[in-house]
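These notes are about the structure you will find just below.
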């Protein structure tokens, strides 16, 4: 039996190993950096005007905390009638804007409600403009503003109404109706004369 001497590998290898070459490259190629920091000198010149932009006015802002004008939410629950129907209340979803001053009478309280009273519903008012008026849904101009600015009221073949400028500009970007996205082009709409 022959006995072999086990050979051990040394970490780090010989002098010309890759790790040794890498270490020598890193140390020789790194430029020396000075560890001392130099302070920056600020030079003030006489006559420079300093402008304070933190305050908009010279007078202090005074907040009066002696009066409490606040919105009070009034929640009234609807009570069912005996026959099962709910009792209708006109001020069910309302709030009261009032002052805490006892000197002022409660007659000056303002009631704000989310429901439209019956009288305005019956008059035909559906929004900011009465029904029957024509407006462009893009620029929100009404008929009179459109005509005063030299534009026309136009309708697409799908029936949607716009001012001529808004529809022309919209068709430059996309060949579809701005409302329903049906494919149209500049030949697929016509002016409306009212």
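For all residues, glycine too, the Cβ spot is worked out from N, Cα and C.
Quick look at what Swiss-Prot lists:
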type	residues	note
COMPBIAS	1-12	compositional bias 'Basic residues'
REGION	1-39	region 'Disordered'
MOTIF	40-43	motif 'SUMO interaction motif 1'
MOTIF	50-53	motif 'SUMO interaction motif 2'
MOTIF	71-74	motif 'SUMO interaction motif 4'
REGION	110-130	region 'Disordered'
BINDING	158, 160, 177, 180	Zn(2+) 2 binding site
Here are some binding-site residues: 158, 177, 180. Which one has the most Cβ atoms within 10 Å of its Cβ?
177
Distant-in-sequence Cβ neighbours of residue 160 (Zn(2+) 2 binding site), under 8 Å, six or more positions away:
137, 177, 178, 179, 180
List the residues in the vicinity of the Zn(2+) 2 site, defined as same-chain residues other than 158, 160, 177, 180 with C-beta within 8 angstroms of the site's C-beta centre.
156, 159, 178, 179, 181, 182, 184
Summarise the model confidence on the motif 'SUMO interaction motif 4' (71-74) as a single mean pLDDT, whole number.
54
